Amino acid sequence: MDKLLIRGGRRLHGDVTISGAKNAALPELCAALLTAEPVTLRNVPRLQDVNTTLKLLRNMGVSAERSEALPDQVVLDAGALDKPEAPYDLVKTMRASILVLGPLLARFGQATVSLPGGCAIGSRPVDQHIKGLQAMGAEIQVEHGYIVAKAKRLRGARITTDMVTVTGTENLLMAATLAEGETVLENAAQEPEIPDLAEMLIGMGARIEGHGTSRIRIQGVERLHGVAHDIIPDRIECGTFLCAVAAAGGDVVLKRARADHLDAVIEKLREAGAVIEAGGDSIRVKGNGRLKAVSFRTSEYPAFPTDMQAQFMALNCVADGTAKVTETIFENRFMHVNELVRLGARIEVDGHTAVVQGVERLSGATVMATDLRASASLVIAGLVAEGETRVDRIYHLDRGYDQMEAKLRGIGADIERTKA
Ligand SMILES: CC(=O)N[C@H]1[C@@H](OP(=O)(O)OP(=O)(O)OC[C@H]2O[C@@H](n3ccc(=O)[nH]c3=O)[C@H](O)[C@@H]2O)O[C@H](CO)[C@@H](O)[C@@H]1O
Ligand SMILES: C=C(OP(=O)(O)O)C(=O)O
């Protein structure tokens, strides 16, 4: 099993190109199910989750290939789909597989999708996806671990989800594009990946207004057509590199980055003492000297993202002072704490809050990645720790970061992938 070996203490210099967003790529690959015409996605990141999604779509009879000449491009064709099913074996490694449910039901009138099950950061139910599709007229049974959904044709409805849900909003948005009449999604998620998906759907002929706000209106159409769409840059990958440079020190330009998608994180980094200069499609970050510990609370966009909580906590571990980190989205997203403590961090967890008392230095050790962003926080901690840090179980990292260690090596980090 692959591990990362990091020798800490190097400052980071140079530039890094940010990849396409995982959380936009996954729903957008699934959106290709909504049409019988070819769909081209550009700026598709090279991630395990993308590979899993392509495998899932191929298993249904969709042709889904990366272009050999242009490897960041994927061409999908769901014209010959013959099996509207997502089996457990493919779904279990990736919760975002639930995103095939809305499109399959809307275009084929039926879908059988395995329930995704729990995962390390929390129980993550999909009741709101089901409730929304039922409001659109779907008959849904949950049997033998599968969601079995049927609808002759979905019909528009007004749907208010109990909480803000990102993939829930995406599933219902995709389903509504082919429903009969108007759908209004209230309490919709506003994460940048939602307007990106909506723009792609509009390019396919969908009629959508209000995306990027908490009320999205969709007028259903009879059919959608093919499109070529560019995926937005990954704001979480970008935020991860911002934290890494701020913590390790140095001067790095992140290219193909969207500062306007990261306002809350950039504000906190500036409060900590990092220098951040936002350009048109790049961000320059300079870290010089010890940062100040900064408290924050995760919440829905545009507030501080839960997907950046672990990485910013790593930075707080070596900052001056004490910070309170409150997680409000997932009930079990502090799994990195015990591993950071193994590196010498001082952190106490009380319910949804972790109190981090900054220390002068961390010391390298062997640690274990427990989920995707936890892995990234351990990499950041390894970059600032004295001596060698070995991060085990990095298949979590590979799920959502495109060649992270190569990108870090490119800016001067001493990091390598090993088998031992
Ligand atoms: C592929 C993708 O885009 N993943 C992101 C998406 O996950 P995902 O879409 O799974 O997360 P949600 O926004 O749905 O979850 C928010 C909260 O609502 C709860 N909930 C959600 C749906 C539901 O039917 N019932 C329910 O109770 C969840 O358990 C969680 O506590 O948004 C999360 C929150 O920004 C991010 O951390 C993930 O990176
Ligand atoms: C939690 C995450 O992803 P997923 O929803 O795909 O598990 C994440 O990207 O941090």
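Just so you know, glycine gets a Cβ as well, placed from its N, Cα and C.
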Of Asp72, Asp281, Asp307, Asp350, residue recorded by TrEMBL at the UDP-N-acetyl-alpha-D-glucosamine site of Arg95, Arg124, Pro125, Val126, Asp127, Gln128, Ile329: Asp307
In sequence order, the recorded positions (Lys22, Asn23, Cys119) whose C-alpha falls within 10 A of Arg95 (UDP-N-acetyl-alpha-D-glucosamine binding site): Cys119
Binding-site residues near ligand 2 among Arg95, Arg124, Asp307, Ile329 (Cβ under 6 Å): Arg95, Asp307
Where Pro125 (UDP-N-acetyl-alpha-D-glucosamine binding site) sits in the secondary structure, as DSSP reduces it to three classes: coil
Recorded positions near ligand 1 among Lys22, Cys119, Arg124, Asp307 (Cβ under 6 Å): Arg124, Asp307
